C-alpha cells in the first residue's frame, strides 16, 4: 500500500485499515440480509425454541428433533440460514490479523515508521506521549457499543444490555494497557472503530439499504435498544436486582413424616385336620366308653 500509493506511513496505515474493512463489508451485508429475514419470523421461532428447550429438559429426543426440523423449515421459507447469519463472524480473523500485523511491524521496528510524515505524531513505533490516541480509542469503542445497542431488542434479551456494559467497562480498564501500545497500532484501532460506526450508520439509511438489496430498517420489536445504567448492571451481576424483584414465597409449614403402619396379622384359616409335621407329636384321641370300662376291669383284677 505504501509503495502503490506513495502515502506517508500515517496515511498508509489509515488506507490499509479502510481497505480491509471494505473487503469484509459484503460479508456484513449478507449477515444483515439474513438477520432482517429472521426478524420477520422471530415470534414463531421463539415458540419453536421453547419446545426445543422443553424437550431437552424432559429428555424427549424425538420431540427435540421434530422442533429443530420445524425451525429449519421455517428459516428456509423466508430464505434465511444459519450460515448467512454467521457470515459477519469472518471479520474477526481479519481484525485479529490486522492487530497483530501492525503490532509486529511497530515492534520490529520498521525504520520508516519512525517518520510518519505528520508533525503531531512523528514516531509510530513508540507510545503516544500525549495519551490522546489511547483515550480516543476507548471513547470510540464506547460510542460504537452504544450505537450497536440500537439494533438489539433489550426487552426480549435483557442480558445483552448488561453484557455490552461489561464490554464498555472492559475497554475502560484496558486504557492502562493501551497507554503502552505503539502509536501505529492505536491509529489502526481508532480507524477500525470509526469505520464500524460509519458502517452502522449507513446500514440504517433506507436508500443505502435498498442499494444493497436489504429491506428498510426497522427498530427491534421491543423498541430501539437502550443500554441499562452501570448501577443496574452492578445490581444484576450481584443478584440484588433479581432478589428485589422476585415475588415473596411464604415458607411451608413443617409437617412430620407419616408414622409407619403396623401390619395386622392375618389369622390362619382353621382346618379340621391337624397339621402334620415330622417334628410334632401327634395328639392321642379321646378314649371311648368301652375302652374306659376295659381299663377299669383290668385295674380291679
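Start at 1 and count along the chain as shown; that gives each residue its number.
Glycine is no exception: its Cβ is also placed from the backbone N, Cα and C atoms.
What TrEMBL says about this one:
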TRANSMEM  6-30  transmembrane segment
DOMAIN    9-201  domain 'Membrane insertase YidC/Oxa/ALB C-terminal'
TRANSMEM  82-102  transmembrane segment
TRANSMEM  131-149  transmembrane segment
TRANSMEM  169-191  transmembrane segment
REGION    247-301  region 'Disordered'
COMPBIAS  254-266  compositional bias 'Pro residues'
COMPBIAS  269-279  compositional bias 'Polar residues'
COMPBIAS  291-301  compositional bias 'Basic residues'
Do you know the mean pLDDT across the domain 'Membrane insertase YidC/Oxa/ALB C-terminal' (9-201)?
87
I'd like the per-state residue tally for the compositional bias 'Basic residues' (291-301) from DSSP, helix first, then strand, then coil.
10 helix, 0 strand, 1 coil
